[in-house]
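Student: So TrEMBL has the following annotated:
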- B:Cys78, B:Cys81, B:His82, B:Cys113: heme c 1 binding site (BINDING)
- B:Arg217: substrate binding site (BINDING)
- B:59-141: domain 'Cytochrome c' (DOMAIN)
- B:1-20: signal peptide (SIGNAL)
Amino acid sequence: MASIRLSVPATAKRGDVIELKALIQHPMESGYRRGSRGEAIPRNIITRFECRYDGETVFAADFHPGIAADPFLTFHTRATRSGPVLFRWTDQHGESWQETAMLTVT
Amino acid sequence: MIRLSGLGLALVAVAACTPAAPPETHLDAPFERLQSGYDFLTPETQALQDDTFSNPGYLWVDRGAELFNTSDADAPSCASCHTTGLAGVAASYPAIDSDSGQLLNLEGRINTCRERHQHLPALDYESDALRALSAYIANQSHGLPLSVDISGAAATHYANGRDYFFTRRGQLNLSCHQCHDQNAGKRLRGDTISQGHGNGFPAYRLEWQTLGSLQRRIFDCDTGVRAEPLPLGSQTYIDLELYLSARANGLAMESPAIRR
Amino acid sequence: MTSDLSFPERRTLIRLGAASMIVSAIPLTALADPADLTSAQRRLFGDREIKQGRVTLKLPAIAENGYSVPLSVDVDSPMTESDHVRQIAIFSPRNPIAEIVRFELGPRAGRASVSTRIRLGGTQTVQAVAELSDGSLWSGAAKTVVTLAACVVL
């Protein structure tokens, strides 16, 4: 299961800088922990996060095991035109998920 | 780093303590004022709990809403029977199931509905789905006061839970009472011992890096005193949950809370 | 490590308890040493000079638990086509891997202000390095005291 909570304003004025937030459900298993029987728990992390809007990647991030479980991000973009804001995240195995929110620019 | 001052005194106090008959309210709690575990967090952690977007516990609340409203191929959805939601219900759990006469906590209640009304197998105790459903239902009581009923058939469960709370156990030979009644507010290895209420659960513990049940928290406290913990879902832990809730009756529900 | 515990036997027990739990919760590898931090920075930015300033990094003075520490970083930049932040990397001198996260920004970001939650393997001074569109590198730092939760079990 991979779920995400997105915070994108429904509307914005052209030229305004808007705040975007994402909270992704993921254990971000660091690979440095041991289970109850002493076995090493293998690393399992999201490695890449991207936000695309109006034809361009407006923000991206490379994650390492130092990012907390259930990664949280706040960042910004300038409202240019109405359309989808797309969030995509990819794990170390190359599996990726995406979710979009609509932004209306007036 | 290790601070357990006061527990030496506590040992003496407990030896002299003869528990009275179960009272109707939280008379056992020696506090002038009930204080949620929230009050013992740093402002940053409190802010995380209060932020209904970035509090990660809401990932499970969202997922629980999804599960609640989705019907399986051969079973009606929870929502198809519970059309008006379950506001306030979690604040009154554990409660006696009138059909079976059993004391059920919220997790047990959900699983009873799965078996009795959906004819689906019970969910594993700390499974993602059970945590999600219980978080979703508990969150519908957010801000409401705990109000469990300890009369009638619940009375013996209450007494049993109270008993567990006052019994010393583990290599450290400590009872819940010694830490959470007698040493609340004191420091223990860089942490502060709270009054030990369950009003925030299911809660997202930073230490777990996930959301977990009240029983998992109790399991950790038992492990902490080097006692053999009980299996999650065991009747004694449900009875203990009833005692904890009765002891905190009136305290506002906070699930999904953030805890250390 | 001070202790105001009155019974030495019990202290020993607690120590043992804490020690055995630590195995399961604390990173297995040695903590990153400063060399790692330097080489991580070199990998991203080469040998270019890193100046202090323009970058404001915020961490709580006290973090209750190293598993989740709120962090925010702001870079003083107009974020225009000709003058903007290209990337910001966050480094730890004490984690098993020095590079915690790297953000890619551009003029479309509008504001060079990002926040997230990170893991810290102990009390330390975290560093943020920003690369601007003119190729210059700027840094800011913040110290946080990490209180290991009571113990890993309680």
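From the backbone N, Cα and C atoms, a Cβ is placed for every residue, glycine too.
Automatic, uncurated: that is what TrEMBL annotation is.
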Student: Please determine which of the binding-site residues listed here (B:His82, B:Arg217) has the lowest count of neighbouring CB atoms within 10 Å.
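Tutor: If we count Cβ atoms within 10 Å for the binding-site residues B:His82, B:Arg217, the smallest count is at B:His82.
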Student: Between any two of B:Cys78, B:Cys81, B:His82, B:Cys113, the residues recorded as binding heme c 1, what is the biggest Cα to Cα distance in Å?
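Tutor: Roughly 11 Å, rounded to the nearest whole number.
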Student: Mind checking how the domain 'Cytochrome c' (B:59-141) divides into helix, strand and coil residues in DSSP?
Tutor: 41 helix, 4 strand, 38 coil
Student: Which residues does B:Cys78 (heme c 1 binding site) neighbour through Cβ under 8 Å, counting only same-chain ones at least six apart?
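Tutor: Once residues fewer than 6 apart are set aside, B:Cys78 (heme c 1 binding site) is near B:Leu67, B:Phe68, B:Asn69, B:Cys113, B:Gln118, B:Leu133.
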Student: Which are the residues of the chain, B:Cys78, B:Cys81, B:His82, B:Cys113 excluded, whose CB is within 8 A of where the CB atoms of the heme c 1 site average out, their centroid?
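Tutor: So the extra residues in range turn out to be B:Phe68, B:Pro76, B:Ser77, B:Ala79, B:Ser80, B:His117, B:Gln118.
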Student: Under 8 Å between C-beta atoms and at least six apart in sequence, can you list the same-chain neighbours of B:Cys81 (heme c 1 binding site), or say none if there are none?
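Tutor: Listed in sequence order, they are B:Cys113, B:His117.
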Student: So how many other Cβ atoms are close to B:Cys113 (heme c 1 binding site), meaning within 10 Å of its Cβ?
Tutor: 16
Student: Cα distance, the residue listed as 'substrate binding site' to B:His82 (heme c 1 binding site), nearest Å?
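Tutor: About 29 Å separate the Cα atoms of these two residues.
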